[in-house]
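Novice: From TrEMBL, here are the annotated features:
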type: ACT_SITE; residues: ARG191; note: active site
type: BINDING; residues: HIS97, GLU114, HIS171; note: Zn(2+) binding site
type: DOMAIN; residues: 6-105; note: domain 'Phosphomannose isomerase type I catalytic'
type: DOMAIN; residues: 238-316; note: domain 'Mannose-6-phosphate isomerase cupin'
Amino acid sequence: MNEPLFLKPYFQEKIWGGDRLKTEFGYDIPSDHTGECWAISAHPHGPATVENGPYKGETLDEVWNQHREIFGNAKGDVFPLLTKILDAKTDLSVQVHPDDKYAMEHEHELGKTECWYVIKADEGSVMYYGHNAKSREELQQMIENHEWDKLLRKVPVHAGDFLYVPSGTIHAIGKGIMVLETQQSSDTTYRLYDFDRVDAKTGKKRELHLKQSIECTNVPHKDPELKQVKSKVGDVNVTQFVSTKFFAVYEWHVQNDEGTFKRESAPYTLVSVLDGKGEVIVDGKHYPIQKGMHFILPYDVKEWTIKGNLQIIASEPGKDA
Ligand code: ZN
């Protein structure tokens with residue numbers, strides 16, 4: 001398949017969600033409590049739908065299951081990645097995700113390592129990221145005693161920041177922040193603390209998972225060492241934020257110019273347009289692209305040109321994905 005696979009996202013309402021997926025990105029969202037846009041998703045809890053070409057109307061998991069050649073005959077039961085845009089009107093729950101081993105054993109799905117590109121952050125915004133406990137016993141004590149201020153680390157963030165969140169990292173996206181999240185395709189979240197909120201719809205607090213949280217958290221917390229690598233493809237400025245066994249994530253930035261990419265080792269490429277307008281050119285065909293669009297460049301697309309005024313976040317599966 002020598003053309004991009006454009007995708008229609010799936011939206012999830014959340015207790016902490018807002019309306020910026022509509023006001024910022026123009027999406028048709030179900031309510032003004034919409035927290036998550038599952039943009040490039042083959043996860044059964046919210047698969048994206050193909051918008052063009054021979055597979056128009058099929059969900060991404062159907063295409064993954066029935067036409068694996070599009071993905072270079074990649075191995076694995078499940079499409080490994082999930083790209084989301086999140087709008088945190090209020091704080092998300094303080095949570096942790098398991099690694100592959102724990103998740104397979106207890107949840108029969110992938111673990112979840114994720115990362116965030118900060119699209120927008122209101123003045124004074126903070127992420128909860130990591131913790132101050134020195135041992136698992138101390139972690140348990142601080143959780144049981146509700147010593148959240150002592151336990152949780154807060155990190156100020158701004159638009160353009162990038163944070164890598166390996167499985168086992170305690171975290172919460174803070175209020176007033178929008179991120180593009182690239183993650184392993186998993187929906188397993190263990191909540192430690194939900195700010196004692198009551199869900200307006202159910203009248204109940206959301207479930208906590210203290211035992212699993214304590215078992216899954218990396219103790220002591222260690223910040224990952226990240227090194228951004230900058231390069232140029234034609235006139236496109238490329239920043240590689242991270243490259244791990246799970247995924248590699250890049251920013252492609254082009255201003256009134258263009259660059260032609262060649263497929264390297266990864267079998268397919270996920271692309272999200274965060275800002276601007278332009279086109280992607282594949283095999284002499286011009287496909288208009290603009291802010292809010294998401295697509296996959298399949299295996300047969302060995303070369304593509306990005307042209308216009310565009311800010312893009314792209315990702316590729318890593319060698320374990
Ligand atoms: Zn998370």
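A Cβ is built for glycine as well, from the same backbone N, Cα and C atoms used for every other residue.
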Novice: Going by DSSP, is ARG191 (active site) part of a helix, a strand, or coil?
Specialist: strand
Novice: Helix, strand, coil residue numbers for the domain 'Mannose-6-phosphate isomerase cupin' (238-316) per DSSP?
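Specialist: Result for the domain 'Mannose-6-phosphate isomerase cupin' (238-316), in helix, strand, coil order: 0 helix, 60 strand, 19 coil.
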Novice: List the Cα distance (Å, whole number) between HIS171 (Zn(2+) binding site) and ARG191 (active site).
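Specialist: One finds 10 Å between the Cα atoms of these residues.
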Novice: Take the Cβ of HIS171 (Zn(2+) binding site) and count every other Cβ within 10 Å, whichever protein chain it belongs to.
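Specialist: HIS171 (Zn(2+) binding site) is surrounded by 24 other Cβ atoms within 10 Å.
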Novice: Roughly how many Å separate the Cα of GLU114 (Zn(2+) binding site) from that of the residue listed as 'active site', to the nearest whole number?
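Specialist: So the alpha carbons of GLU114 (Zn(2+) binding site) and the residue listed as 'active site' sit roughly 16 Å from each other.
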Novice: Given HIS97 (Zn(2+) binding site) and ARG191 (active site), what distance in Å do their CA atoms have, once rounded to a whole number?
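Specialist: Each residue's Cα considered, HIS97 (Zn(2+) binding site) and ARG191 (active site) end up 9 Å apart.
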Novice: Among the recorded positions listed here, HIS97, ARG191, which has the most company in the form of other Cβ atoms within 10 Å of its Cβ?
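Specialist: When each Cβ's neighbours within 10 Å are tallied, HIS97 leads.
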Novice: Would you mind splitting the domain 'Phosphomannose isomerase type I catalytic' (6-105) into helix, strand and coil residue counts from DSSP?
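Specialist: Output for the domain 'Phosphomannose isomerase type I catalytic' (6-105) reads 24 helix, 33 strand, 43 coil.
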Novice: Would you list the other residues of this chain near Zn(2+) - those whose C-beta lies within 8 angstroms of the C-beta centroid of HIS97, GLU114, HIS171 - in sequence order?
Specialist: GLN95, VAL96, LYS112, THR113, VAL165, PRO166, SER167, THR169, GLN183, THR189
Novice: Could you please provide the mean pLDDT value for the domain 'Phosphomannose isomerase type I catalytic' (6-105)?
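Specialist: Mean per-residue confidence for the domain 'Phosphomannose isomerase type I catalytic' (6-105): 96 out of 100.
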Novice: So how many other Cβ atoms are close to GLU114 (Zn(2+) binding site), meaning within 10 Å of its Cβ?
Specialist: 22
